[in-house]
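The domain 'ABC transmembrane type-1' annotation in TrEMBL covers A:88-294. As annotated by TrEMBL, transmembrane segment applies to A:20-47, A:94-114, A:126-147, A:167-193, A:221-246, A:275-295.
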Amino acid sequence: MADTSLPANATEKRAARVRWLLLAPALLVLLFAASGPLLITLVYSMLTPGDYGGVIWQPSADAWFNVVLQRDIFDDTLSWSDAHLSIFWRSVKLSLMTTVGCIIFGFPTAYFIATRPKKQRDLWMLLIIIPFWTNILIRTFAVVELIRNEGTINTVLMWSGIIDAPIQMLFTEFSILVGMIYVYLPLMVLPLYASMERLDFSLVEAGYDLYATRMKVLRRIILPLVKPGVVAGSILVFVPSLGAYVTPRVMGGGNQLMIGNLIELQFGQGRNWPLGAALSITLLAIVMVALMVYVRTAGSEEPKHG
Amino acid sequence: MTAAISVRNLRKVYPGSPEVVALADASIDIEDNEFFTLLGPSGCGKTTLLRMIAGFEHPTSGTLTMHGKDLANLPPYQRPVNTVFQSYALFPHMTVAQNIGFGLEMLGKPKAEIKQTVGEMMELVKMSQMADRQTGQISGGQQQRVALARALAPRPRVLLLDEPLSALDFKLRKDMQLELKRLQMETGITFIFVTHDQEEALTMSDRIAVMSAGTIRQIGGPRDIYDHPAERFVADFIGDTNFVPAEVAASKGTDADVTLSSGKVIAARMPEGEAMQGKVTLAVRPEHASICPEAEALLPGTLSEIVYFGTDTHYHVALDDGTGFVVRRQNRPDEISGFSTGDRIGVQFAPGVGQVLRD
């Protein structure tokens, strides 16, 4: 129902207005849910902390300073902030180990499911997904129950006489790792399964036929072809692992902090919102750099499908 | 000399309810340098047999030997056998040359040798220009050639081909049939070829095994199978056939005299090792019979239809005994049959042309 009586430029203006109106919901979401909060975080990171939390509107670079440096309380000399750096290092290390662990456990799982008859696959997938639907706290405490000193594993080991005293597994980096692998495993299995399901298994047979042993078929044929799934799964696992909060808190018992816990501390007991904000942005930067490095190295060998 | 591939009472049963017998007691000896075809409709067990030779399936019972050596416990990657897959199964993440060299690489051949052999193979299948292409960038016919080159490159003792031409269009298929035959002659490798296309089987094979329902029905050369089908299934599956009711009057070895419904007696062939009595069915190929005036007929009837096919004409005759009979006659510009639909007419065929079918 274009109004032909209107001059051409008026019709154009109206079309432009309609276009903006249609774009509005997406723009609002981007503004209020993504870039807006990020911008606030960025601004807060450059302000002075208030005494009881919050911020005082007074520009300050202290927060950014404190991300990696610390000032000695006696002689004011600057030094690397060992506490923060070790937390960063632990976070990156545990996240990498979680990702690798998820690949190690997730790959055979996904392969197993993908090679079942079609009717059974959904059932197996359901078994993978059900824990995924369960609250993360419940899942984490389930692992706690297994590995705590009076837990299932220690009880069985002591009862069978293999050990005399319980093995301290809870509240260690190991326990965080176990918890995170368990919690994030479905995020690895799902994309891996999706790419394996599409795998043409006659290619695997062709590999065997051409004198490739099982290991070589895995390395030369299956892995390159399901690589998109491995890449996607790794990103899905690595990113949330790096910012993980609940699992390290419960499994680490408060003395094995990861970045997520450190950030939470600043907004809570620490009452240092600018530092928390600066740490959040740092986390974001670490994730972005890691992803860029990863995608670049993984993508360089990406097969060119014709 | 021991056979290249010897199959003895091979059986494959897939469990389940009901269990599926994919192959029931198959026995074949395939000689060196032979172009051997497994022919049958889908589900006849031909692919199962091929996959067992390749090592992808394990026999339920029976033995499988290659030059006298038992293959049963060898995984596919230890069998000197290569396969050309129906879907070609080219590795999509490798170039044409990498695909062809894969087998040699896995065998641990030196780089220089791989390069040379890959070059020769690409020459052989006329794909030299395409070495660095990705497999997705070449046509179906070219993919077919690459699959062939890849399977031939490691110089297998036996090459298995699982309906490799079925995805090609008619013209390309004709070319590839000749090409395959040429490759087999040039390389001297034993080819075991699986197809459901009887014409393909007849054109290329040295010998054919006709299979149905998990059983081998007949083994023989193309001519032998076509001219002397041993049983109804074979006669029906390969080419067109008239089934003529008859009765055995006398028989000695593979020679027999049979009485037709018209009361006339004619010489026919008995399947090997059979001595059937009483009522039998005779197979007569349409082009082995001819039409004639009623007076000279072996089997009298009425000409019901004339169908023109360009190269030849089919005459459908409604015989007086109630059965139908088709005569195929090659068209020549200087000859006309002189019969028209509705005429009283007769069918004739020479002594020894009819083949008595096993029940």
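Cβ atoms here come from the backbone N, Cα and C positions, even for glycine.
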### Query
Do any residues of this chain, six or more beyond the ends of the transmembrane segment (A:221-246), have a C-beta under 8 angstroms from a C-beta of it, and if so which?
91-92, 94-96, 98-99, 102-103, 106-107, 110-111, 136-137, 140, 180, 184, 187-196, 199, 203-204, 206-207, 212, 258-261, 264, 283, 286-287, 290-291, 294-295, 298-299, 301-303
### Task
Quickly jot the same-chain residues contacting the transmembrane segment (A:126-147) by Cβ under 8 Å, restricted to those at least six beyond its ends, or write none.
109, 113, 153-154, 169-170, 175, 178-179, 182-183, 185-187, 189-190, 246-247, 250-251
### Query
So which of A:94-114, A:167-193, A:275-295 is most in touch with the transmembrane segment (A:20-47), counting Cβ pairs under 8 Å?
A:275-295
### Summary
Other same-chain positions with a Cβ less than 8 Å from the transmembrane segment (A:167-193) and lying at least 6 residues past its termini are 90, 94-95, 97-99, 101-103, 105-107, 109-110, 113-114, 125, 128-129, 131-132, 136, 139-140, 143-144, 147-149, 151, 153-154, 157, 226, 228-230, 232-234, 236-237, 240-241, 244, 247-248, 250-253, 255-256, 258
### Query
Residues sitting near the transmembrane segment (A:275-295): Cβ under 8 Å, six or more positions beyond its termini, same chain?
38, 41-42, 44-45, 49, 62-64, 66-67, 84, 88, 91-92, 231, 234-235, 238-239, 242-243, 259-260, 262-267
